[in-house]
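Enquirer: Take this structure, written in structure tokens, and hold onto it; I'll ask about it next.
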């Protein structure tokens, strides 16, 4: 029940009453140990527990070098608002630099400043923990062949609010631009045919979301495959979320998000298709969104512009509340998620919509 309470806490855009999850001692191929390393600095030590080498993908994990959600931060029983980015990474053509290689029993350390992705200006005592999944490849390989879960220890830190406030936020505020009221797209951020590409993606996202909502009501076998449940509560939530994405994708000035064709905040790191700032209800496309994926993909579970936009909309609290997280990437990992996590996972919605469109 504590884990369920934790999952209910995921993704809330403002602090709220929450139960801090206890950490079960499940066996994992890796061990993650957190330790305080300064006022708001945390050091994560990742150890390979096994007897064979592992190649660990950094994307959306405790090892991600970008300002992604690496840990959960609580204060007075409430989750502290996350101000960083939630990216969708391209999962094909992975290169070795996206991975961390760990030999048997070897460790690697990764440090990060919580104040760069959380508002800790109030200061005081906070509790920090990490939980997630790491896609794995064979030693020296770049093809994902499995995954391992991790659950860290919990640490308590006493934060000096003034020092935390002096830390520059990793993702600042975007400058206002010319907005197309029809789609809430900042047209001044678009170059060449990018506006046309994005408008097509928005239309396709609306169409796929509407079809997915219908399928959630009429195809219990497919709903079970992706969301691991077919009860009325699950159906209602899935349908509601897809319809919310459909409305946002076809918004006539009533949408709750702002969409940028291009990045002005430095979030388009290698491999990032698009990203969301949930604290600002803001979506940004990256160059490879236009160059490396098609408008629609007719391959089962293939990435495309439409489902990437759909994926990012589920990260926005103005569209989906509580907003979806990145708890598992790709079909194999999504298929392994329990119902409580599947319904809070952004890629579950993108893959389900693709499956209905393609007929997987």
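Using N, Cα and C of the backbone, Cβ positions are placed for all residues, glycine too.
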Enquirer: Have a look through 326, 332 and flag the one Swiss-Prot assigns to the Zn(2+) site that 311, 315 belong to.
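Expert: Looking through 326, 332, the residue Swiss-Prot assigns to the Zn(2+) site is 326.
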Enquirer: Labelled N-linked glycosylation site in Swiss-Prot - which residue from 26, 262 would that be?
Expert: 262
Enquirer: Tell me, how many other CB atoms lie within 10 A of the CB of residue 312 (active site), whichever protein chain they belong to?
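Expert: So the Cβ neighbour count for residue 312 (active site) comes to 29.
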Enquirer: Count the Cβ atoms, other than its own, that fall within 10 Å of the Cβ of residue 326 (Zn(2+) binding site), considering every protein chain shown.
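Expert: That number is 22.
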Enquirer: If you measure from the CA of residue 268 (disulfide bond) out to 10 Å, which recorded positions from the list 190, 261, 262, 312, 315, 326 are inside that radius?
Expert: 262
Enquirer: Sort residue 190 (disulfide bond) into helix, strand or coil using the DSSP assignment.
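Expert: Residue 190 (disulfide bond) sits in coil per DSSP, no helix or strand.
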Enquirer: How long is the line from the C-alpha of residue 261 (disulfide bond) to the C-alpha of residue 312 (active site), rounded to the nearest angstrom?
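Expert: Cα to Cα, residue 261 (disulfide bond) and residue 312 (active site) are separated by 13 Å.
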